[in-house]
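These features come from TrEMBL:
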type: BINDING; residues: 159-161, 224-229, 245, 301-303, 350, 357; note: NAD(+) binding site
type: DOMAIN; residues: 193-356; note: domain 'S-adenosyl-L-homocysteine hydrolase NAD binding'
């Protein structure tokens, strides 16, 4: 069905597929609020002062129940919010920031040469859409993205790949505005990435396939925070877990957890479940998939759709795609008449096949987002933040964690002045130096 932009009685625009789901959505939001103490604490602490009054915040993030709680927190603090949520199987990965930077670049080329962006220059479907949007916009307003750039105060980014893009732009001098890296806050990377994936990987696997994890051989490609969470979940479910890694430190960590570390080529024909978690590209290629067991499950919980070679699979001569249910497809190879099961078209399976991370862990991530936005908005005229990438200071990271302890019944031990002096930290924190690895 075509989605039309409509307006509420108060004049707010919206584009929603099925408004009859609103009452159900509100009940889900109310459940989530109880599980998101960090965001609710932000409303209580900052709401009366309306610190976002006059701020227009645009978000680009999966439109989940938890995202709705974030949006309502921003509005409770006075912001005017406009949100765009990609399909659940599409990773955001800093796409709004990418769009603006690519738009500015295209406008400069167009002004000099009259040349429009050509979507056919890339094989990436999503980037083709980006270039199409920019191309069509240039015809009506050749300075649209320059105007956006001048108005923007800054961006807060919470995806690993989105942050990598920001650092790349900072390094080559093309970053157009201040950025706060939320991903590397400890209360994001060590909670969302690790504990969130530990919860949502088996959730997605079982919703999509009803597979019994116990007894299976599972391969986890990558042993960073995401890989650690996935490997832990599979191991706890009774699988025999094998890790692939390029980093000797991560490989050694996996070994110390009792996991095997091998190459994908060593195990490709023996494993039952394959999970990519690397944030890199070209991890499982079509040649690997041809050699897998019949009905081996292949899925990605790392980045975007380029960890698994979906382009190669879709264009393999004679391959047959059988859709079992939405986001669960069996691909049959003609030579063997056996197939593999690919989840969420190679994109984020915990979003495509389940509902993403649970509310509590997203409260940690989104509380960081609120604090980052507050910091950018409060300091917008001071020059504190240049066109660089920043990380939230340690005391704010600790504050985010502290806001979530009461919900779980925790009680912190307090340092005495003598103890604090002995280890050279303030009584009230922060308790660790910036370089500390949790």
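We number each residue from 1, going along the chain as drawn.
The backbone N, Cα and C atoms fix where each Cβ goes, glycine too.
The Cβ of residue 301 (NAD(+) binding site) lies under 8 Å from the Cβ of 197, 200, 201, 204, 226, 230, 275, 276, 277, 348, 349, 350, each of these being in the same chain and 6 or more residues away along the sequence. Minimal Cβ crowding within 10 Å, among the binding-site residues 227, 229, is found at 229. Around the Cβ of residue 225 (NAD(+) binding site), the number of neighbouring Cβ atoms within 10 Å comes to 21. Around residue 161 (NAD(+) binding site), a 10 Å sphere centred on its CB holds 21 further CB atoms from the protein chains shown.
The number of other CB atoms found within 10 A of the CB of residue 303 (NAD(+) binding site), across every protein chain shown, is 24.
Averaged across the domain 'S-adenosyl-L-homocysteine hydrolase NAD binding' (193-356), pLDDT for the predicted model comes to 96. Long-range Cβ neighbours of residue 357 (NAD(+) binding site) (same chain, at least 6 residues apart, Cβ-Cβ under 8 Å): 66, 192, 196, 197, 199, 200, 350. In this view, residue 159 (NAD(+) binding site) is surrounded by 21 other Cβ atoms within 10 Å of its Cβ, with every protein chain counted.
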